[in-house]
Amino acid sequence: MAGGAFVSEGGSGGGSYEGGVTGFVIITCVVAAMGGLLFGYDLGISGGVTSMEEFLSKFFPEVDRQMHNAKRETAYCKFDNQLLQLFTSSLYLAALVSSFAASAVTRKYGRKISMFIGGLAFLIGALFNAFATNVAMLIIGRLLLGVGVGFANQSTPVYLSEMAPAKIRGALNIGFQMAITIGILIANLINYGTSKMARNGWRVSLGLAAVPAVIMVIGSFVLPDTPNSMLERGKYEQAREMLQKIRGADNVDEEFQDLCDACEAAKKVENPWKNIFQQAKYRPALVFCSAIPFFQQITGINVIMFYAPVLFKTLGFADDASLISAVITGVVNVVSTLVSIYAVDRYGRRILFLEGGIQMIVCQIVVGTLIGMKFGTTGSGTLTPATADWILAFICLYVAGFAWSWGPLGWLVPSEICPLEIRPAGQAINVSVNMFFTFIIGQFFLTLLCHMKFGLFYFFGGMVAIMTVFIYFLLPETKGVPIEEMGRVWKQHPFWKRYIPDDAVIGGSEETYVKEV
């Protein structure tokens, strides 16, 4: 029997709050989720640009020469170049560092300010890249893009979790992941279009990153602040009025009181970083805010998102075919995320994690085997059209499994499990761990592919197996639980209950129905 627990919506807590789902809160969350366009567009654009010969010949001539040197080229090592990988990965190193600054800004000045700073930094970075004349300008632009991603990824998931009613929090929060997938697809389509341009197609691809940045900046001005953030800054009346507006009800006393209790507990915490690392009652939040983003990256998904055109080109797809294949995976990504939006608040988080994990394991093993059969360990060989189609099909199934499990839930779960007093610190850990391992994958994947060959896909499959077991035994179900009552979930879990004192359980009744799943 698994170690998870399910807290029914029929108990106290979220089910007893007045109000419902309003058009205002849906529109607000949709606009806020557009922050995911920044991250998604960059994920999709970099791989396409780094496969364009004009871009490579201008900034990375050594890679361009290696591609055309038949004597040096092996299928696995066509793009193995540290400076080229630094172009992709430098953004995520900057995002890692900036997420800690974003944590302090988010807590002191609110979620909106962080979203504004993120959009502005991303806009400036996009302009640097569009007008780059040397590698230094490219890297500076990427670092500024990273600051934007760090601030946006710190603030947007928290904003969505705090604005959404508990019963549809999963679906609205996954709007952030949906925006990421749309950004990836748009980037893939733009890369395909700009690859047809005679000159400077890569400048158009990189420069159009300014569009989602402008959306983010404008959105940060028109969006209201969350009641939680208002309470943190002592704006009690405004917080009550905003809660009434987003819930569409005058009587919000019970939910407002729970928010106030959480806020008072948060004010007693002078150093959220010290508390999340030292106090046992925050141990579950610390573990999942660290482990989930680590596992999300070690699935190998960003191998596909960063380097899809490069990977397909490496495997022998023609230039057009490699870009079209990336578009196909982008479409699968978007459609599969819709599945998650539909299912997450109906069937819960755990079932999506587990099913998606099993699906990804199978696909990684099949893809690794197909590549190994054609290229072996020497990297010499060619793909037949039939084998290429099978590889693309299983990569699409792999992307689908990720898109309705670890993709959206990797952002949703960490944002909904942290008490208010450590929420900015918890989200900063989530973002920084995510960005650190995104940097590692971005910087070393092409080198690892060159040395581990098809075995790299087996490695990622093995890691997905480990993390699926981790979820099965340690993650409780959080569907329908109000965000300020998450202490009940940990208290009822057979493993985590040893860390949770009775006074950490606020709001709701201890008589909530629980069953192990």
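Each residue, glycine too, has its Cβ placed from N, Cα and C.
Remember, it's a predicted structure, so these values are computed and weren't measured experimentally.
According to TrEMBL, the protein has these features:
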TRANSMEM  21-41  transmembrane segment
DOMAIN    28-479  domain 'Major facilitator superfamily (MFS) profile'
TRANSMEM  86-106  transmembrane segment
TRANSMEM  113-132  transmembrane segment
TRANSMEM  138-160  transmembrane segment
TRANSMEM  172-190  transmembrane segment
TRANSMEM  202-223  transmembrane segment
TRANSMEM  285-310  transmembrane segment
TRANSMEM  322-344  transmembrane segment
TRANSMEM  351-371  transmembrane segment
TRANSMEM  391-413  transmembrane segment
TRANSMEM  425-449  transmembrane segment
TRANSMEM  455-475  transmembrane segment
| message | Need one number: mean pLDDT over the domain 'Major facilitator superfamily (MFS) profile' (28-479). | response | 86
| request: Mark yes when the transmembrane segment (113-132) and the transmembrane segment (391-413) have three or more Cβ pairs under 8 Å (sequence separation 6 or more) and no when they do not. | output: no
| said: Using a Cβ cut-off under 8 Å, which residues of the same chain at least 6 positions beyond either end of the transmembrane segment (351-371) come close to it? | reply: 299-300, 315, 340, 343-344, 387, 390-391, 394-395, 397-398, 400-402, 404-406, 409, 453-458, 460-461, 464-465, 467-468, 471-472, 475
| query | Can you say which of 86-106, 113-132, 202-223, 425-449, 455-475 has the most Cβ pairs under 8 Å with the transmembrane segment (21-41)? | reply | 202-223
| query | Thinking of Cβ pairs under 8 Å, which stretch from 113-132, 202-223, 425-449 has the most of them with the transmembrane segment (86-106)? | reply | 425-449
| said: Using a Cβ cut-off under 8 Å, which residues of the same chain at least 6 positions beyond either end of the transmembrane segment (113-132) come close to it? | reply: 32, 35, 38, 59, 98, 102, 105-106, 138, 140-156, 159, 203-204, 206-210, 212-217, 219-221, 223
